[in-house]
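Undergrad: Sharing a structure here in structure tokens format.
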Amino acid sequence: MSRKPIIAGNWKMNKTLSEAQAFVDAVKNNLPSSEKVDSVIGAPALFLAPMAYSRQGSELQLAAENSYFENAGAFTGENSPAAIADLGIEYIIIGHSERREYFHETDEDINKKAKAIFANGLTPILCCGETLETFEAGKTAEFVSAQIEAGLEGLTAEQVSKLVIAYEPIWAIGTGKTATNEIADETCGVVRSTVEKLYGKEVSEAVRIQYGGSVKPETIEGLMAKENIDGALVGGASLEAESFLALLEIYK
Ligand SMILES: O=C[C@H](O)COP(=O)(O)O
């Protein structure tokens, strides 16, 4: 089965609105066709409404970097998935290791977010990945499998077949240490096998799995050639328009 690649930037807490708008202006007419690849930028919630307006008519898709799991209520400072969906954007990233580590998000929170995002008609990009300690102890497969099982709890087969999962070894994020293509593919394969165990072959063949962690324009082609890798979630190399476009060059 051929899965459409999805290359997603994750800006994290970077840029001002004027910088974000300059980025959209620079990339919006230079992206490959969405028939070949989904080209996505994950931006701070503050910028999503103006970016959704200025990307109109282009191939640029947008992601929020997080949301809450309730649609409304007394949750000061949180962003509603319903309000994000109303902006007309496509994805919400959930369970990034920075959210898990610095904001103490649990697998249970992340699972509730996945359900809320699907209920609002958007697609979650569900992140998983192990620490250096877990990697060095040879426990990556069991750790990542457990994160996936907990994250998918109660989702339907139809939902999971539309899901995007990002495997990001924490030791490779922002460190310049990309996992080798083989390690990245092997663990993306573990993710796919976990989905197969839970939902069967058809769903596991449909789910798209990204690798993330120090992906650069020079390294993306080798990663994308691997069987189990369907895309990339990219931090640093997505911040400049030129570099983001270079990540997509192989799809032009
Ligand atoms: O979400 C993106 C990842 O955390 C990777 O960031 P990085 O490409 O700067 O290593």
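Count begins at 1; order follows the chain as displayed.
Each Cβ is built from the backbone N, Cα and C atoms, and glycine gets one as well.
Small disclaimer: the values here were computed from a predicted structure and weren't measured.
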Undergrad: Given TrEMBL annotates Asn10, Trp11, Lys12, Gly174, Gly235, Gly236 as substrate-binding, which of Ser33, Ser34, Ser39, Ser214 belongs to that site as well?
TA: Ser214
Undergrad: Just checking a number: largest C-alpha distance across Asn10, Trp11, Lys12, Gly174, Ser214, Gly235, Gly236 for the substrate site, rounded to a whole Å.
TA: 14
Undergrad: So how many other Cβ atoms are close to His96 (active site, electrophile), meaning within 10 Å of its Cβ?
TA: 28
Undergrad: Which three-state DSSP class does Asn10 (substrate binding site) fall into?
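TA: Note: Asn10 (substrate binding site) is in a strand by DSSP.
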Undergrad: Which has the fewest other CB atoms in a 10 Å radius around its CB: Asn10, Ser214, the listed binding-site residues?
TA: Ser214
